[in-house]
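*Asks:* So Swiss-Prot says this about it:
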{"type": "ACT_SITE", "residues": "LYS40", "note": "active site"}
{"type": "BINDING", "residues": "GLU15, ILE16, GLY17, LYS18, THR19, PHE20, ASP57, GLU118, GLY119, VAL120, GLY121, ASN178, HIS179", "note": "ATP binding site"}
{"type": "BINDING", "residues": "THR19, ASP57, GLU118", "note": "Mg(2+) binding site"}
Amino acid sequence: MTAPLSLFVTGTDTEIGKTFVSAAMLHGFARHGLRAAALKPVAAGAYERDGVWRNEDADQLDAAANVVLPPELRTPFLLKAPAAPHIVAAQEGVTLDIDTIVACHREALTRADVVVVEGVGGFRVPLTDTQDTADLAVALGLPVVLVVGVRLGCISHALLTADAIRQRGLTLAGWVANHVDPAMSYADENVATIRDWLAREHGAPLLGRIPHMSPAAAESAAAMLDIAALVETLRAAQH
């Protein structure tokens, strides 16, 4: 029996399409014949419907997954205000506990062939006074996929984030170029620069390039990702 696969999705910033790309990967894994589930361990920003608190990002992931986890397993920490998690958690009297997230991830692996874990914000977003999302990625011990929001400044953001991932002893399994600014000048040149630098310095391939979509369509974006290459990388990372 093949061991389940998993990856941690981070981004160069907030609002650059991590959830969109994570949903696209879930569709891609499903097309690859895998049972795909999502974890959004920490979500900041909730709305109430039918007496239940929900999160839009988590809803998008559920819509894309072909294995839908119970809400308390998929998102053990759902914060109401859409702001920095450690600030909101303190105000709401919640402790964002990494061990709890690791336990949820362990359980999720028993229910799917692949589990996509989406972080919150960028790679180093504080969860407590002493721990951040980089510590979470280390605790999970997962290969990382970096979503680069292609806009002015993305080259430095991508290279800095890749360096931070390596400094934590984690594998950068690849990256996705997600075009968030349709009016950006020299977009092709920016993507080419990031591709060359990340390949040379980290051996990290470009897994796909997604044009600006309005509205965003994760199912269509899935066809733009090299899921076969990603699966191969994730399997190699297990050995």
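Don't overthink the numbers, they just go from 1 along the chain as shown.
Heads up, the Cβ atoms here are built off N, Cα and C, so glycines get one too.
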*Asks:* If you draw a 10 Å sphere around the Cβ of GLU15 (ATP binding site), how many other Cβ atoms fall inside it, taking every protein chain shown into account?
*Replies:* 10
*Asks:* What are the sequence-distant neighbours of GLY17 (ATP binding site), meaning same chain, six or more residues apart, C-beta distance under 8 angstroms?
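*Replies:* Result: GLY11, VAL147, GLY149, ASN178, VAL180, ILE210, ALA216.
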*Asks:* Whose Cβ, among the binding-site residues GLY119, GLY121, has more other Cβ atoms within 10 Å than any of the rest?
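*Replies:* Comparing the binding-site residues GLY119, GLY121, the most crowded Cβ belongs to GLY119.
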*Asks:* I'd like to know which of the recorded positions LYS40, HIS179 has the most other Cβ atoms within 10 Å of its Cβ.
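*Replies:* It comes out as LYS40.
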*Asks:* Measuring Cα to Cα, tell me the gap between the residue listed as 'active site' and GLU15 (ATP binding site) in whole angstrom.
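*Replies:* Cα-Cα distance, the residue listed as 'active site' to GLU15 (ATP binding site): 15 Å.
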*Asks:* Reported as an integer number of Å, what is the Cα distance between ASP57 (ATP binding site) and GLU118 (Mg(2+) binding site)?
*Replies:* 10
*Asks:* Rounded to the nearest angstrom, how far is the Cα of HIS179 (ATP binding site) from the Cα of GLU118 (Mg(2+) binding site)?
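*Replies:* Computed Cα spacing between GLU118 (Mg(2+) binding site) and HIS179 (ATP binding site) is 19 Å.
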*Asks:* What is the set of residues, excluding THR19, ASP57, GLU118, whose C-beta falls within 8 angstroms of the centroid of the C-beta atoms at the Mg(2+) site?
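*Replies:* The answer, listed by sequence position, is VAL9, LYS18, PHE20, SER22, ALA23, ALA38, LYS40, ALA43, ALA58, GLN60, LEU61.
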*Asks:* Tell me which residues of the chain lie with their Cβ under 8 angstroms from that of THR19 (ATP binding site), as long as they are six or more apart in sequence?
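*Replies:* In sequence order, the residues whose Cβ lies under 8 Å from that of THR19 (ATP binding site) (at least 6 apart) are LYS40, ASP57, GLN60, LEU61, GLU118.
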*Asks:* Pairwise over GLU15, ILE16, GLY17, LYS18, THR19, PHE20, ASP57, GLU118, GLY119, VAL120, GLY121, ASN178, HIS179, annotated as binding ATP, what's the top Cα to Cα distance to the nearest Å?
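*Replies:* This binding site's residues have a maximal Cα-Cα distance of 19 Å.
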*Asks:* Give me the count of other Cβ atoms within 10 A of the Cβ belonging to ASP57 (ATP binding site).
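*Replies:* Summing over all protein chains shown, ASP57 (ATP binding site) has 21 other Cβ atoms within 10 Å.
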